[in-house]
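J.: The structure that follows is given in the form of structure tokens.
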Amino acid sequence: MSAAAAPAAEGEDTPTPPASEKEPEMPGPREESEEEEEEDDDDEDEEEEKEKSLIVEGKREKRKVERLTMQVSSLQREPFTIAQGKGQKLCEIERIHFFLSKKKTDELRNLHKLLYNRPGTVSSLKKNVGQFSGFPFEKGSTQYKKKEEMLKKYRNAMLKSICEVLDLERSGVNSELVKRILNFLMHPKPSGKPLPKSKKSSSKGSKKERNSSGTTRKSKQTKCPEILSDESSSDEDEKKNKDESSEDEEKESEEEQPPKKTSKKEKAKQKATTKSKKSVKSANVKKADSSTTKKNQNSSKKESGSEDSSDDEPLIKKLKKPPTDEELKETVKKLLADANLEEVTMKQICKEVYENYPAYDLTERKDFIKTTVKELIS
């Protein structure tokens, strides 16, 4: 008892620590789980409140569409009026009126816009352009500068087409064309050139010329056959006379020559008659062909000339044949009789035989001539 009492007494004597100095009590596992559950409950309550705030009870009100209404002030167009200029109206200038009539309305829209600041309608476009007589403003004014800027935006082809309508020169750079157009439109006046000739009239004139030339050619062609017919008739008469003379010569030659050659001459006669008939037929054909063209006429003249030259030759020359063996023997005999056999060579005798018959080539019969010479000498 004494030992247990001693520590108690000692404990009573030791001072107790203050409350602030006491160590914090650590929560137990049960307390931690309870705190977590409370926090989870709080989170769930907050989520439920959010969901309730999102859910709208009843039908949703539709929003009205606010449409923008453009309150455009209606532009009041100025009434179209053609101001009187200082120059002459374009329709009164003959050449410009001619070019305006040739152009289409679409090609004149840019010119109309330049003159009146509006494209214009199809029905009144050409009329309005023709009524233009010059700009009412002066050179160097703001309106003049606006027109100059408008023209500078146009392409070269468009500026040239405007120059063509206004009867102006189309050569030069764009700046030159712009100045030329504006200077003219300030005070329009005629260029003094004559009206261009229409293509239709020129084509008609060319047709008339062709027709007139055609008639003259036809008349020449009709005259030529008459002349040719006269020439052909004279040719026929000459041919007949020649045929008759050739027949007379043949008869005389028949009387002179022996009767052996009569059959050959008769055959030649038949050939000659057939040739004369053919020549007469060809002359008639030439008459018909000569009336077709001049080229055929020239060719027919040449042919007739060649035929005439061939007809002039006697028929005996045509019918001559190379000498026979007997004739060659006789000629060789004559040559040997007159020649000195000691000096004369075979070559010289052959040459003399050839000279007696110059119209024929006797080189192939050289061997026959040599054999005859040898026979006669022996």
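Each Cβ is built from the backbone N, Cα and C atoms, and glycine gets one as well.
Note that this is a predicted model, so its numbers are computed, not measured.
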J.: Of SER198, SER219, SER310, which one does Swiss-Prot label phosphoserine?
T.: SER310
J.: According to Swiss-Prot, one residue among SER201, SER245 carries the annotation phosphoserine; which one is it?
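T.: Record annotation (Swiss-Prot, phosphoserine): SER245.
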J.: May I ask you to name which of SER213, SER253 Swiss-Prot has annotated as phosphoserine?
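T.: SER253, according to Swiss-Prot.
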J.: Looking at 120-124, 220-224, 325-329, 370-374, I want to know which stretch Swiss-Prot calls DNA-binding region.
T.: 370-374
J.: Looking at Swiss-Prot, which of SER20, SER263, SER276 is flagged as phosphoserine?
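T.: Annotated as phosphoserine in Swiss-Prot: SER20.
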J.: Starting from the Cβ of SER124 (phosphoserine), draw a 10 Å sphere and report how many other Cβ atoms land inside it.
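T.: The Cβ of SER124 (phosphoserine) has 13 Cβ neighbours within 10 Å.
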J.: So if I measure Cβ to Cβ from SER123 (phosphoserine) and keep only same-chain residues at least 6 apart in sequence, which ones fall under 8 Å?
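T.: Long-range Cβ contacts: none.
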J.: Using DSSP, tally how many residues of the domain 'DEK-C' (322-378) sit in helix, strand and coil.
T.: 40 helix, 0 strand, 17 coil
